[in-house]
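Let me begin by presenting the structure, written as C-alpha cells, before commenting on it.
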Amino acid sequence: MGLVIMVVMAQIPPRVYEGWAPYLYIFCIILLVAVDAFGAISKGAQRWLDLGIVRFQPSEIAKIAVPLMVARFINRDVCPPSLKNTAIALVLIFMPTLLVAAQPDLGTSILVALSGLFVLFLSGLSWRLIGIAVVLIAAFIPIMWFFLMHDYQRQRVMMLLDPETDPLGAGYHIIQSKIAIGSGGLRGKGWLHGTQSQLEFLPERHTDFIFAVLAEELGLVGILILLALYILLIMRGLWIAARAQTTFGRVMAGGLMLILFVYVFVNIGMVSGILPVVGVPLPLVSYGGSALIVLMAGFGIGYVDPHPQKNVVEKRVRGAQCVSSCQESASRQE
C-alpha cells in the first residue's frame, strides 16, 4: 500500500501540492487539537485518534503538512525571506510542534520542527539568523530540562550516558541492542538466526530497533549495503530538488530528503547507543502503519518530476525524430 501511495503522489504536479498545503495544514492542526481533547491513550501517552475502523497518529501527518505549508508561504516572497516572513514561518512551524510535544511525544515534535526548519534553511536563510537561533536554543536547553521535560524523558538521556546503572529497566533496550549489533560481526549470523532477536531478548525488534536485528543477522556488510541504498535515495531526491524551477519545488523536495536523513541518523544513533531512545522508526524498513504510509507519501512528493511538461515535449520530439528517420530509411531501401 505504501508503495502504491508513493507512486501516485509522485505523479501529481508540484503546483497541486502548493494549492493543497493550507488545507492540509489546517486539517492537521484540527486533528492535533482533537487528539488533545479525546485521543486514545497508549503506553501513557495520548497520541492516537481511534475512529473505530482505523487508528492513526495525526502527528505523522504534520511531518508533511508543515514543510508543505512553509514551502508555500516562502514561495510567495523573494528568497531569502525577510525577517517578518521568517518570524511568520517559525509560527507556522512551532504551532503543530507544541501540540505534538504536549501529547507528550518529544521525538516526533523534534522531527516536525526540523521538517519545517529544513525548508526555511533551504530558502536561503542568513547565517546570522541561524547563529542567533543556535544561541537561543542552547540557552533554552536548561529550561527545557528542568521545567518542560517529563521524568521518563530525562531518564532516557541519563541512560544514554550509563545504561548499566539500570540494566533490567530503562537501560535494557540499549544494552540488548548493543549486544545484537556487536555480535553480528562482519557477515552476520544469517537470516533469522540472530539470537538476540529470535529469542526475543531485543524489544521492539520489528519497529524502532530493527536496525539491531539487521546488524546481528546480516553483519557489517549488510548494514553498509543498507546505508549505501539510503545515500542513493537521498542524493536522488536532492538532485531532483536542484532541478526544480520554482522555489516551492526546490525547498519542498530538499526539505523532505533532509528529514529522511534525520530519520536514518536518529534511528541508527538511538539503536547504537549514541542518542537517547526517542521512538523514531527506520525508514522503509521498520514495521508501521500511519508512520510508514506518511513516509512513503513524503517519498512520492519529494520525487515529483520538476519538469513534467518539458519531458513530455522531449519525448514527443524524440518520437517524431524516430518516425522521420524510419521513413527516410524506408525510402532509401525503395
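Positions of Cβ are set from backbone N, Cα and C atoms, glycine also.
All annotation found in TrEMBL is predicted automatically rather than curated by experts.
In TrEMBL this protein carries:
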- 20-41: transmembrane segment (TRANSMEM)
- 82-100: transmembrane segment (TRANSMEM)
- 106-122: transmembrane segment (TRANSMEM)
- 129-148: transmembrane segment (TRANSMEM)
- 209-235: transmembrane segment (TRANSMEM)
- 256-278: transmembrane segment (TRANSMEM)
- 284-304: transmembrane segment (TRANSMEM)
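Most Cβ pairs under 8 A with the transmembrane segment (209-235) among the ranges 20-41, 106-122, 129-148, 284-304 are made by 284-304. When Cβ-Cβ distances below 8 Å are used as the criterion, the transmembrane segment (284-304) is approached by residues 1-3, 5-10, 12-14, 17, 55-57, 60-61, 63-64, 68, 206-208, 210-211, 214, 226, 233, 236-237, 240-241, 249, 252-253, 256-257, 259-260, 263, 267 of the same chain, each at least six residues removed from its ends.
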